[in-house]
Amino acid sequence: MDAAVQEAKLLRQVNALIVAHLRDQNLTQAATAVAAATMTPRADASVPNHLLRLVAKLAAVGSQGLAVEQEEAARGGGAPAAAGLARPLGTNAVDFSVQNVRGPSKTFPKHETRHISDHKNVARCAKFSPDGKYFATGSGDTSIKFFEVSKIKQTMLGDSKESSGRPVVRTFYDHVQPINDLDFHPISPILISGAKDNTIKFFDFSKTAARKAFRVIQDTHNVRSVCFHPCGDYILAGTDHPVAHLYDVNTFTCFLSANPQDSSAAINQVRYSGTGSMYVTASKDGSLRIWDGVSAECVRPIIGAHGSVEATSAIFTKDERYILSSGKDSCIKLWEVGTGRLVKQYPGAVNTQFRCQAVFNETEEFVLSTDEQNNEVVVWDALTSERVARLPSGHTGAPRWLEHSPVEPVFVTCGNDRSVRFWK
């Protein structure tokens with residue numbers, strides 16, 4: 001199975017190099033066609049002249065090719081990547097394979113926080129755009145609030161509390177039941193939402209007057225989690241159905257895994273890896289499952305990852321070698337993708353009642369989550385697993401969700417008190 005994963009990952013890396021090379025040669029139409037045909041994310045095809053350098057290296061060293069470059073990268077940035085799970089080219093990721101980390105843990109930077117808005121019911125989820133310029137929150141009141149980060153920062157520079165509502169660019173109203181999850185298109189100004197009304201809705205936030213969805217996918221189940229493929233042409237939906245639903249954005253055709261027996265419980269969260277070569281599901285039966293991003297076959301089940309209670313979140317590290325998960329057993333865990341082995345645990349945050357998630361900061365140096373019992377944000381050093389901060393959340397009820405910006409040291413919390421708080 002590891003050999004198959006290795007081959008698939010290598011093929012995706014080669015496809016990304018081909019697309020990048022075509023764009024470097026101003027063959028935009030050809031690059032777009034190849035990217036669409038191979039489901040290659042545009043972000044992966046952004047390393048200029050990489051293919052030419054590899055070909056030159058191949059000519060110089062004979063048959064070693066990619067292996068030489070990966071070996072050199074490993075010598076410069078830590079231990080070699082595990083067989084079958086080579087680090088994606090161009091990724092500057094934390095190397096979690098280092099064992100017995102010595103020395104003091106890093107100090108988490110001091111953050112200022114500000115209450116920026118309120119929903120009319122529980123604020124259930126939040127999501128940043130890939131460029132970090134925007135984020136949105138979803139609520140039990142069926143609304144979605146859309147925020148601009150630069151405006152929030154301007155508000156926090158001033159002393160006027162009267163301007164606290166200005167960061168809300170607009171509010172979308174088109175669901176009839178609570179919002180469960182949100183995601184941004186990787187390139188286009190599109191926000192999607194999944195809700196208990198069995199729908200996935202598309203909102204165009206480039207149109208200032210738009211308040212309603214311009215497209216709707218009607219699912220058969222409560223849509224608990226949504227995630228765009230990095231190329232933007234596909235959406236994964238985790239629902240009350242035990243198998244993730246894969247939708248073609250252009251045709252709304254739904255695809256299911258050919259091995260539905262691989263799953264047995266509703267899915268709390270589904271997330272793609274950075275290249276789209278894999279995705280992970282976190283289920284209500286406490287299991288995690290890693291799936292091939294093309295064949296939709298389960299390549300690594302981690303049964304009982306959180307015992308018999310719900311696994312509530314799961315995300316890949318940047319190098320796609322590890323998965324960070326959390327559950328209602330009050331445990332946050334780091335798993336090795338290639339073996340399913342538990343690598344690290346981050347103890348000290350109580351979450352037994354509400355769906356929550358654990359996330360990395362933008363550099364993956366820290367892990368952040370919420371503590372519903374003590375109403376806190378808890379932070380760990382990602383490498384040493386040491387808890388380095390417990391921050392009063394400022395919420396008057398239990399925080400329900402924490403989402404970190406992918407590009408800078410800011411994050412958002414929201415919760416049972418209906419409020420949204422911004423941290424920088």
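Note: Cβ is positioned from N, Cα and C throughout, glycine not excepted.
Bear in mind that TrEMBL entries carry predicted annotations, made automatically and left uncurated.
The repeat 'WD' annotation in TrEMBL covers 116-157 (among others). Here the repeat 'WD' (116-157) returns a mean pLDDT of 95 for the predicted model.
TrEMBL lists 172-213 (among others) with the feature repeat 'WD'. With a cut-off of 8 Å between Cβ atoms, the residues of this chain six or more beyond the repeat 'WD' (172-213) that come close are 41-43, 121-122, 124-130, 134, 136-144, 146, 219-228, 230-232, 235, 237, 247, 269.
Per TrEMBL, the feature repeat 'WD' maps to 260-301 (among others). Within its own chain, the repeat 'WD' (260-301) has Cβ neighbours under 8 Å at 1, 4-5, 8-9, 12-13, 16, 39, 41, 43-44, 88, 91, 181, 222, 224-231, 236-244, 246, 307-316, 318, 320, 323, 325, 327, 329, 335, 337-338, 340, 355, 357, counting only residues six or more beyond its boundaries.
Annotation source TrEMBL lists repeat 'WD' at 316-345 (among others).
Counting residues 6+ beyond its ends, the repeat 'WD' (392-424) has Cβ neighbours under 8 Å at 109, 111-128, 130-132, 135, 137, 139, 145, 147, 149, 152-153, 156, 167, 353-357, 359-362, 368-373, 375-377 in the same chain. The repeat 'WD' feature in TrEMBL is assigned to 392-424 (among others).
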